[in-house]
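Q: Pulled from TrEMBL, these are the listed features:
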DOMAIN    195-621  domain 'Anoctamin transmembrane'
TRANSMEM  212-232  transmembrane segment
TRANSMEM  238-256  transmembrane segment
TRANSMEM  309-332  transmembrane segment
TRANSMEM  352-372  transmembrane segment
TRANSMEM  395-416  transmembrane segment
TRANSMEM  428-450  transmembrane segment
TRANSMEM  496-519  transmembrane segment
TRANSMEM  586-608  transmembrane segment
Amino acid sequence: MKESWSSFDTFEPSFRPLVVIELAKGTKEETREWLTKRIVDKKANGGAQLLVKPLVTENGDQNIYLVGASHFRLLLGAESVGLVKECNDNSMRTFTYSSRKTFKGFADDNHNFLTMAECQYIIKHELENLRAKDEKIIPGYPQAKLYPGKSIVRRLLTNGILVQIFPLHDREELKKLRHTWYGRVKIGYQPLDEIRCYFGETIALYFGFLEYFTFALIPMAVIGIPYYVFAWEDYDKYVMFAAFNLLWSTVILEVWKRFCAVMTYRWGTLLMKRQFEEPRPGFHGVLGINPVTGREEPVYSSIKRQIRIYLVSLPFVCLCLYFSLYVMMIYFDLEQWALDYHKENESNFSSLMLFVPSIIYAVVIEIMNRIYRYAAEFLTSWENHRLESSYQNHLILKVLVFNFLNCFASLFYIAFVLFDMKLLRQSLATLLITSQILNQFAEAFLPYWLQKRHKKRMKKKMYSQKTDTGLSLVEQVNLEKGMGTYFGTFDDYLELFLQFGYVSLFSCVYPLAAVFAVLNNVTEIYSDALKMCRVYKRPFAEPTASIGVWQLAFETMSVISVVTNCILIGMSPQVNALFPDSKMDLILTVALVEHMLLAMKFVMAFVIPDKPRDIQIKLARLEFESLEALKQQMLFGHCILLVLKTLTNRICLWLHYHDADCASTQLVCQSSL
């Protein structure tokens, strides 16, 4: 029998703090009382049924609260969010409290059955789903309006009452992870399972993809070095390199799907059901009933959303794309000026000036990408998407379109309008190397330097060998709340996507692109690990079964690379020599080869299964067992109905036999028949 939220008392004698809630200083007492009451209230009353404890600082402020949950509450929460755990028979199944004894490692006194990251994810899920019921305003703040279905956490954040919510680090586990992850320089695989247990599946999957992509770049780098050394100016010999690139870009993406399926099955997220996602915290609307789940949730007109997308967001994106092309033309004017200056002076300084326009343009591209990112986030949030997945898809689409045009439009223009292979090679190398340096500085070195300054101001050494176990809870919270916030893997995947474009689109022009990509990614692994463990607050875990829409983005880039490389091969002198009389024959031949390669690419994608055979069998077995269990349940219910009907008929016959002639008896007998 499924346990209800109020079946047992959720009081936990030994409170374990998992999540920190920081309110603004000077928050009114009635607001704090109302919020804590909503958090600890029963689910039936619209609460989260969690445990809350104020953290009293040295100056007596009570604007920080620690949130935890009882072991029983966390188990019910694990069932509610659909966590998948390993059973005693080594299969992966969705956790249910009623069948908890069948899961590996479960015991009533084992509070480590759920990882700390899973517990924090459950608490975050419950806090985000705290929604207003009858409240019109936030107590103590008449200007902070509420309506039924509005996310309480979202309203508190937008009104500045709630500063932040973040999960606490486990100092002992973090120290072990740091040692095995980046504590010593070694050649080997990352501890992805340990990363998953501490940071969750989304971050572990990113580091898994980063590692896989780095290893996949090594063949391209190894082949590219001799091309650079022995055939730098001989474009005719790049035909074979481009052909290898076409095969490489398809195979690595298909093989990654298989690696991803193996990892996510082992972690349980491949089986998680996401079709009935909860509304995202930022979603707002009138409180209504979901026709699928029957639950109360906000309802917003899809027509209004479409109007916002097509009449506001789309024109704004087109305007930004036009501005990006305008900046690109200014860059070409600078290139022409630098070239004229070099022709007039012919000096070492003038030779260096040839690279200045590309460097300036690379810096401008990074600045424009970051400014546009903020605008895209605002627009996508304003569009009011119901699901987090829908929000992410629309945001990624906006950002990818702009970034692709902003980063690669100049390269396409140089290659297919100016037909200047030397300038294309120079621009590609400058853009790639400059963007990698800027990203390393902005994402790793600058945050780490700022965090070091923060430590000095606090007069503490964060997570050092001497003080890791000596920090009190108050000191730990005060230090962590001042650390930077990690906003997810979006920027990290975007950096890899653009890098993949630089390597695959024009690889035959600059074979060393893969070499610089490998070197960058090796340092990226260590710098990203450093910032996750020492620079940023611990992020909430997010279950995921794949890299999501980024897989489609990489596959789209690989298709575009087929077209660009075929055109570049067709432009080579070696191929042009085969068609001295007719350029139309050359164009038709290149188009035919391009279509054949695309066909081969799609055939390979179809032939290579997304999941290994053993994973397919395990998933099919689980589906079969689920259907069998449903049949048994339906059969059991049918048998119960037959027994009740037979029993009712016998009671009616017995009553008739004893001349029972009351109206109620006749009614029962008629209804049974």
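Don't overthink the numbers, they just go from 1 along the chain as shown.
Every residue, even glycine, has its Cβ placed from backbone N, Cα and C.
Remember, TrEMBL labels are computer predictions, not curated facts.
What you are looking at is a predicted structure, and each value in this text was computed from that prediction instead of being measured.
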Q: Below 8 Å between Cβ atoms, which of the listed ranges 309-332, 352-372, 496-519, 586-608 makes the most pairs with the transmembrane segment (212-232)?
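A: The stretch with the most close Cβ contacts to the transmembrane segment (212-232) is 496-519.
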Q: With the transmembrane segment (496-519) as the reference, which stretch in 238-256, 309-332, 352-372, 586-608 has the largest tally of C-beta pairs below 8 Å?
A: 238-256
Q: Would you kindly list the residues that approach the transmembrane segment (238-256) from elsewhere in its chain, counting only those six or more residues past its ends and only Cβ-Cβ distances under 8 Å?
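A: Contacts with the transmembrane segment (238-256): 209, 212-213, 216, 219-220, 223-224, 227, 231, 504, 507-509, 511, 551, 554-555, 557-558, 561-562, 565, 568-569, 572, 574-575, 597, 601, 604-605, 608, 610.
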Q: Grab the same-chain neighbours of the transmembrane segment (352-372) for me: Cβ-Cβ under 8 Å, and only residues 6 or more beyond its ends, written as numbers and ranges.
A: 320, 324, 327-328, 331, 334-335, 337-339, 341-342, 399, 402-403, 406-407, 410, 426-427, 430-431, 434-435, 438-439, 442
